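This report refers to the structure that appears directly beneath it.
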Amino acid sequence: MATNNKSKGSLIECVSSKSNPQHSPRNGSQDSSGPDYREDKQRESLPSSTPDSMKLVPCQLCGRQFLVHRLEKHTGVCEKLQKRSRKVFDSSQARAKGTDLEQFLQTKGKRQTQGPKAPSSNWRQKHESFQRTIHQAREVQQVIARGGKLSDLPPPPPEENPDYVPCPHCSRRFAPRAAERHIPKCENIKSKPRPPPARRR
């Protein structure tokens, strides 16, 4: 039991000596590598603890709050970060780096960028055109069922296929393949047909 108390006593002495180190008095010269010198430098770099210097101010760019004396330094860094656009991280390429899979991913990426762009869908126009056609067909059936004449019906409005490409020279419209053949020839044709009259809508 006596040895146990003895070890506790030596442990307490060791801890107390580390928390309160006994420094030998200095003879006027400052050693720049000593711990006291570093602490003094840190105290000098910190601002005085007045209420104004401890006030947090928000950054205009990111909204984070900083001490007044640190805001100027942060603003310079924050401006650089805001200007720079971050590159999108591709985790599949990062995992494949250094393996045989890396070559496959690079060739696959090249093929995807070379693929043709999907044409824009005009399903709404096609749908509306289809509905108009169905409506006109019902009108024709109703007139026939009543015993009326088809000549009494107004002519259906002309429909323009939205997939057709207009010729800039004669204003006619063609299917995409036919337009590729027609447009270069139409430019040199002297006896062009007149453009169709403007339609009222």
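Any Cβ shown, glycine's included, is placed from N, Cα and C.
Going by TrEMBL, these are the annotated features:
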REGION    1-56  region 'Disordered'
COMPBIAS  16-33  compositional bias 'Polar residues'
DOMAIN    55-84  domain 'C2HC/C3H-type'
REGION    99-201  region 'Disordered'
COMPBIAS  112-123  compositional bias 'Polar residues'
DOMAIN    163-192  domain 'C2HC/C3H-type'
COMPBIAS  191-201  compositional bias 'Basic residues'
In the same chain, residues at least 6 away from the ends of the domain 'C2HC/C3H-type' (163-192) whose Cβ sits under 8 Å of its Cβ atoms read 122
Can you break down the domain 'C2HC/C3H-type' (55-84) into helix, strand and coil residue counts using DSSP? 16 helix, 6 strand, 8 coil
What does the DSSP secondary structure composition of the domain 'C2HC/C3H-type' (163-192) look like, as residue counts for helix, strand and coil? 11 helix, 4 strand, 15 coil
